[in-house]
Amino acid sequence: MALPKNGGNSSSTKKKVSYISVPSQIINSLSSSSLQSLLVSPKKSSRCTNRFSYRNPRIWFLTLFLVSLFGMLKLGLNVDPISLPFSRYPCSTGSFDEHHAVSHLAFASKNDTQSSSSSEHRKNETLPTEGDFWKQPDGLGFKPCLGFSRQYRKDSNSILKNRWKYLLVVVAGGMNQQRNQIVDAVIMARILGASLVVPVLQVNVIWGDESEFADIFDLEHFKNVLADDVHIVSSLPSTHVMTRPAEEKRTPLHASPQWIRAHYLKRINRERVLLLRGLDSRLSNDLPSDLQKLRCKVASQALRFSPRILELGNKLASRMLSEGQYLSLHLRMEKDVWVRTGSLPGLTPEYDEIVNSERQRHPELLTGRSNMTYNERKLAGLCPLTALEVTRLLKALEAPKDARIYWAGGEPLGGKEALEPLTKEFPHLYNKHDLALPGELEPFAKKASVMAAIDYIVCEKSDVFIPSHGGNMGHALQGQRAYAGHKKYITPNKRHMLPYFMNASLPESEFNRIVKDFHRESLGQPELRTGRGGKDVTKHPVSECMCSDRRQQQQ
């Protein structure tokens, strides 16, 4: 299926030219020989014929008509065909919003796409910089390489035979936050030499999604991929059902394997069942090489979405891909995001007051650094980009105006009004509700985690991905796109950009140059995770989980 094109927007030119235009239907109706006869002077005729023509008034009228037509054609043919003010759809109003309201998503025919390919090719030739936006970074030949050490494989034999101690975990937060905790749960089970019971997904107080592990992820695939690393069971065996687990809620941030063994190994050996809660960011980012590889294996290979979610997500991605390249944005503009980040949407004073009131009623929702003002947070790069700021960023990065854009995320505070700056400059903007056929999303209407998984799939398959505000989904996709060959991932440099966003006197051309320069090294190129800088290996898989023969040859 093909996405709709906004035929009402003609290409802009650097200079406005006054001209008399001739409808393309007239020009096309003339054969090449007819045009040639009009443009080439006729041969001299005989004197007898001239006398006859001189005395015949009909010849005078015919000559006058041909001269007039010749003048009109000459003026028309001198005009750049790209600048002719004719829409590809003669009856189109050019209004995206009206067209979008009539039918969620209309799809152009294949023939229509083919008929315009030559004109679009010429347009691309006049705007060569547009191709740079879609250009992929050099992955330096890095590919996944998860070769575990001999000692790791030897230890696996004894760990997998152990069926008498079990680790239970409860993971909280949104889908991507839960995903990170599941990865760490597998690592902790390996460290403790315990079998892992399939993690329990805690119902989130904001989204209220009661989905279980198997509703979101492919459970059998999860077990099979990790069969050589950790023994995974769906539930406690009958011999342990009546056992009261030792519960722990106070695991410190960034705990090392040594700390976990020192504090939990005796307890799980004694009680046989250990229950852990609140695992978010509890496991250290700096682990032994084999455990880092296991982290990558869980995140990039074992945690595959359930078949039902994969099928729908792939369908929506195929609809975006049906006409070629597309960009995906993760927009964080929901009310709870503005509240939690201590930020303001900047739409109207009324919307700012809504956010401030909600934050005063629920101060516990504010995530960290509560002593900072909104302006301090904004300048520190701790606030999500607004739709206007995303638009200016895309223009500075030379995104084509006709780029097809998929935006992921929940309903923005302010609805369509919040997205207006983006839709005005980039009208081909879609989300999952626009792409889905009637009834396709209905089974998941109240499943926020499933909706997030669908967004994840469509964003993962895009040619370019840009998050408006970090977050767990952005981090997960950064690692996944790197693992898939370093597909383009643009990290907005908010802290450096924002002073220029606020400088109203800065010419747009200078603003664009500065912003583009800020992002030359933030396009998804391989980033070595050297030393112990605390970077998450699932976000930066080079070089523990990826290796390159080409890089070794260059060295």
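Glycine too: its Cβ is placed from the backbone N, Cα and C atoms.
Quantities reported herein were computed from a predicted structural model and do not represent experimental measurements.
According to Swiss-Prot, the topological domain 'Cytoplasmic' annotation covers 1-58. Residues or ranges marked as transmembrane segment by Swiss-Prot on the basis of a curator's inference: 59-79. Under the heading topological domain 'Lumenal', Swiss-Prot lists 80-555. Taken from Swiss-Prot, the feature region 'Disordered' covers 110-130, 525-555. Annotation comment: Swiss-Prot describes Asn111, Asn124, Asn371, Asn503 as N-linked glycosylation site, evidence class sequence analysis. According to Swiss-Prot, the feature substrate binding site maps to His330, Leu331, Arg332. What Swiss-Prot lists as compositional bias 'Basic and acidic residues' is 529-555.
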Cβ within 8 Å of the mean position of the Cβ atoms of His330, Leu331, Arg332: remaining residues of the chain near substrate: Leu329, Met333, Val337, Pro384, Trp407, Ala408, Gly409, Pro467, Ser468, His469, Gly471
Inter-residue C-alpha distance, Arg332 (substrate binding site) and Asn371 (N-linked glycosylation site) (nearest angstrom): 22
Listed in sequence order, residues with CB under 8 A of Leu331 (substrate binding site) and six or more positions away: Pro384, Ala387, Val390, Trp407, Ala408, Gly409, Pro412, Ser468
Collapsed DSSP category at Leu331 (substrate binding site): coil
Cβ-Cβ distance under 8 Å to Asn503 (N-linked glycosylation site), same chain, at least six residues away: Phe511
Confidence summary for the topological domain 'Cytoplasmic' (1-58), mean pLDDT rounded: 40
Three-state secondary structure, Asn371 (N-linked glycosylation site) (per DSSP): coil
Cβ neighbours of Asn371 (N-linked glycosylation site) where a neighbour is any other Cβ within 10 Å: 6
Separation of alpha carbons, Asn371 (N-linked glycosylation site) and His330 (substrate binding site) (Å): 28
